[in-house]
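> Could you have a look at this structure, given as structure tokens, before my questions?
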């Protein structure tokens with residue numbers, strides 16, 4: 001399509017002044033608002049992980065640490081000065097190699113960091129489960145500690161009448177949240193990586209592997225370790241086995257690092273700790289590079305200095321990286337809970353979800369569709385979240401998403417459609433599927449239904465794969481083999497239908 005970012009794409013799709021306004025707004029919205037909150041909770045998470053392991057007062061000496069403590073601004077602290085120093089040093093390393101290496105450097109380091117992160121997570125899960133006498137020991141202790149709830153906790157199909165998650169919330173997850181997200185059509189940072197593939201088919205295969213690695217492989221080590229934390233630090237009595245449980249009782253997000261410190265031998269602890277630092281650096285460099293691409297390509301180059309040479313753009317990108325980093329650090333110091341920050345982001349960015357899907361499949365979608373959805377979601381989030389602090393965030397997300405969708409669809413029909421010549425150029429360059437005007441509209445609609453079928457096929461196959469591993473880990477082998485068969489059968493069917501044609 002000859003565009004560098006998904007934000008630049010809006011001018012190709014819509015054209016005219018509305019698209020220019022949308023490009024400017026989205027460049028700021030994604031790089032500053034969304035990105036700073038994401039990086040903020042990443043910093044917050046890393047500060048919690050490093051806290052139990054690094055003591056800068058011992059490393060620097062009490063006198064030097066006291067001097068730093070006296071001059072350090074109070075508004076620039078994550079939990080404690082000790083954690084702040086650790087995170088900022090790690091982040092400084094990330095900023096340096098992100099600004100020097102660009103997207104290729106980020107992808108290469110991501111590959112190494114992903115391998116290290118996955119290896120550490122699997123190693124920790126093995127030690128955690130082994131500390132409870134293996135899977136069978138873990139399951140028996142779950143039954144002992146949670147006699148009334150252990151079946152519900154371990155079941156993929158729990159009884160909602162006794163579940164901690166109301167069925168209404170579950171329905172919101174599966175019917176609304178998956179599309180009401182700022183990355184509903186893939187996200188800019190995934191697009192960056194997809195664009196580095198040598199051709200579209202290889203890009204699609206890479207995306208397929210990402211989904212398998214991200215959902216099937218990466219998820220289960222975390223789940224197993226989380227189950228161990230429920231045993232080691234019981235919900236009803238966190239200090240039952242270890243005095244450190246008081247920390248976890250006050251903040252369940254601390255369960256992971258505290259468990260690391262308690263059960264891992266020194267050498268393994270170092271490896272797992274390094275894997276978490278790698279995961280942090282991988283996430284941070286991804287978002288830094290992604291956000292900087294918007295600031296430079298979609299703001300600076302488009303509106304400030306359109307004729308900038310490569311040397312100037314490199315300098316601008318490094319300034320953008322530093323600027324974004326400073327903003328993210330300031331935001332992180334104000335985040336009290338990782339979960340709450342994530343939930344608020346889901347709500348205020350939900351207005352981008354449906355419009356970003358519609359722009360690929362419906363000719364009537366215009367720039368005002370996206371703009372109105374973004375603005376409505378932001379306004380509703382700023383009103384509802386402070387006004388109803390005791391209401392579950394999922395219910396607020398539902399009303400924000402539905403409200404923004406209603407406004408964006410209404411605005412779509414009240415505003416002029418995209419000029420026909422712009423639509424024709426877009427169709428010629430992209431060859432979209434779905435609901436488009438023109439002589440090929442019937443074929444595009446047929447292709448759309450085929451893609452929907454493939455999407456459902458791939459999604460169900462992934463769920464079968466996830467459940468198969470889960471059933472095996474829970475020692476439910478018949479169910480595991482059934483789901484494994486479903487994963488293999490549907491996976492082969494998907495592959496033949498999507499790639500077998502060529």
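Cβ coordinates come from backbone N, Cα and C, glycine included.
Feature table excerpt (TrEMBL):
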type: TRANSMEM; residues: 20-43; note: transmembrane segment
type: TRANSMEM; residues: 85-108; note: transmembrane segment
type: TRANSMEM; residues: 114-139; note: transmembrane segment
type: TRANSMEM; residues: 219-237; note: transmembrane segment
type: TRANSMEM; residues: 258-281; note: transmembrane segment
type: TRANSMEM; residues: 316-335; note: transmembrane segment
type: TRANSMEM; residues: 341-362; note: transmembrane segment
type: TRANSMEM; residues: 371-389; note: transmembrane segment
type: TRANSMEM; residues: 395-414; note: transmembrane segment
type: TRANSMEM; residues: 452-471; note: transmembrane segment
type: TRANSMEM; residues: 477-495; note: transmembrane segment
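Provide an account of the burial state, proximal residues and distances for the features listed.
Sequence-distant contacts of the transmembrane segment (219-237) (same chain, six or more residues past either end, CB-CB distance under 8 Å): 118, 121-122, 124-125, 128-129, 131-132, 138, 141-142, 145-146, 153-154, 245, 248-249, 252, 255-256, 258-259, 262-263, 466, 469-470, 473.
Here the transmembrane segment (341-362) has Cβ contacts under 8 Å with residues 13, 33-34, 37-38, 40-41, 44, 177, 179-182, 184-185, 335, 369-370, 372-378, 380-382, 384-385, 393-394, 396-397, 400-401, 404-405, 408, 432-436, 448 of the same chain, all six or more residues outside its ends.
Under 8 Å from some Cβ of the transmembrane segment (452-471) lie the Cβ atoms of residues 156, 208, 211-212, 215-216, 219-220, 223, 477, 479-484, 486-487, 490-491, 493-494, 497-498, all in the same chain and six or more residues away from its ends.
Same-chain residues lying 6+ beyond the ends of the transmembrane segment (477-495) with a Cβ under 8 Å from its Cβ atoms: 454, 457-458, 460-462, 464-465, 467-471.
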> Taking pairs 6 or more apart in sequence, does the count of Cβ pairs under 8 Å between the transmembrane segment (258-281) and the transmembrane segment (114-139) hit 3 or more?
yes
> Six or more residues out from either end of the transmembrane segment (371-389), which same-chain residues have a Cβ under 8 Å from its Cβ atoms?
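Residues packing against the transmembrane segment (371-389) from afar: 18, 21-22, 25-26, 29, 344, 347-355, 396, 399-401, 403-405, 407-408, 411.
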